[in-house]
């Protein structure tokens, strides 16, 4: 039910829709913007209650359907329409899909396409021809048109305007070398490309080295007159290595031997069947949604469902800066269809060589399915840290026992390279019923041309380059079904209590007491950034208890340094109203499937999907089917060590789903990888284990040994 569309399904849907004369569809890759064409195609998820009938009762699976985004540009009033096509694989009908509140999709909010980019390149050719001398002389021989080995490229900034209905983009030029993201040349231009006739596109503003101009010709004229404050960038040869991965500097690590590698001495212990995975009691289905990315469904441990859905919803990076491109940069990555940017993973770097690599297929801005080879991986690894251990000291130079369990974890991983940044998306599954969601950020920083005032907004990372400060926020949907769909939510805090010591009345005892707060409505369960966040947030089933009388539950534990990125209600903030809350809890509704959309990037002012609408009706959330909406993130002030790339250590955030009285004891007790050591009567170690004693020659050919004694010397 949850598997992504197959290439055959995609082709059948395409052919079916292109065969409908009333739609008038043509090829997506045609250069004309005045056309009707398919922009995006992906799985349309079934309604939850229908899916659960199949999962819980063995009833027939819901009909597979496709969600198709069609851009109708060849009509007097261009529009974007979403349609649902069914049944798959051989469709016979389609219907229009509407958003909550029947909000229309503005044509200007559509993601940018290859066809539109081709026209942007055309107008940039014309623009740069007028300032060819400026660019050529100040960059050391680089040009945008008629170039060979010294070419300029560009980065386009979003959102594309300052209010709804606009489509005008700041574009900055860069040297086209490896890592061109950190090679700005100090030239930025504002292009209005709203009209579907590219011949009617206009230049509205130009920025060069801290100076604004109304026309390109004005810049060229002042340059010729010598009245312009000129830029002279270093010679290209001096900076060949600056942004590359080529090693330089002294290394203290031996290069004639390899570092440690992950091995599976007897083969994998997990099972992958299509999009279904089983491992150490865990089972789940996964997909990579083209518009947003990695999702898992029907998450179970030992057969008990913990969550119906845990899915990535959105990733944003909001910047600050002194140049117009920098101050306008507010990237909302679903608008770049970030799920389709999951390129091939490198064995031994992105995933261990032993991983299972899987291919993905997407249909976006194309006329046929696109195959992404080895774009997702699954592997089991040891963390190098025990899951649990204890040395029981006898305080006589020995011990009563030692017990330990190696920490193995299953990892489901893919990436999204959304232009300069690389996000590594992980779901990790532990033996003790804990699931972790983690994102690690790497790739190139988004850099702009250095100005002295820019130091208020970042750090100088090269002699003409500013690394701009920005905040990353990631949003997840966590549809928990703890021992069933009827769940409630509470938060826990501590408060000090002061009372007379019962065994010494002239003294007082001060200690912490647990205070639980039952949250009854959606608004009361929406926690704002800037307010004190509870110590524990706990989802539980009021009707199911464990052996000890506690209501079975799971809690969400954060690994995050997130904060809000704009004041509430300020322009673009309306499109990311989910970013107001590290946690918001709502009742599940099929009409509220996502917190964002592919249209938010280019129209955040009047968004089609407004998360705030999900909680404004303030519905009761006691003993209901609940969804937790989780925001994590971090502030990044770039620094010299971000050159050439941001590294992953310290740049990973996420959350844990941790059992809280869900089980009667730690479920990892079932693991046979446990090792117990006791001393016999002669004081010699006696090892008890339930797995083979020798791991294998590729790890070590020596049997496990443990002494455990200690003595003076």
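Including glycine, each Cβ sits where the backbone N, Cα and C put it.
Taken from TrEMBL, the feature domain 'Copper amine oxidase N2-terminal' applies to 20-93.
If you look up TrEMBL, you'll see 110-210 marked as domain 'Copper amine oxidase N3-terminal'. Helix, strand and coil content of the domain 'Copper amine oxidase N3-terminal' (110-210), in residues and according to DSSP, is 31 helix, 31 strand, 39 coil.
Among the features that TrEMBL reports, domain 'Copper amine oxidase catalytic' is placed at 261-669. Over the domain 'Copper amine oxidase catalytic' (261-669) the predicted model carries a mean pLDDT of 97.
Positions annotated as active site, proton acceptor by TrEMBL: 333.
Sequence-distant neighbours of residue 421 (active site, schiff-base intermediate with substrate) (same chain, 6+ residues apart, CB-CB distance under 8 A): 317, 441, 442, 443, 444, 446, 646. The active site, schiff-base intermediate with substrate annotation in TrEMBL covers 421.
If you look up TrEMBL, you'll see 421 marked as 2',4',5'-topaquinone.
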In the chain carrying residue 333 (active site, proton acceptor), residues 6 or more apart in sequence that have Cβ under 8 angstroms from it:
314, 315, 316, 317, 416, 418, 601
The domain 'Copper amine oxidase N2-terminal' (20-93): DSSP-derived helix, strand, coil residue counts
10 helix, 26 strand, 38 coil
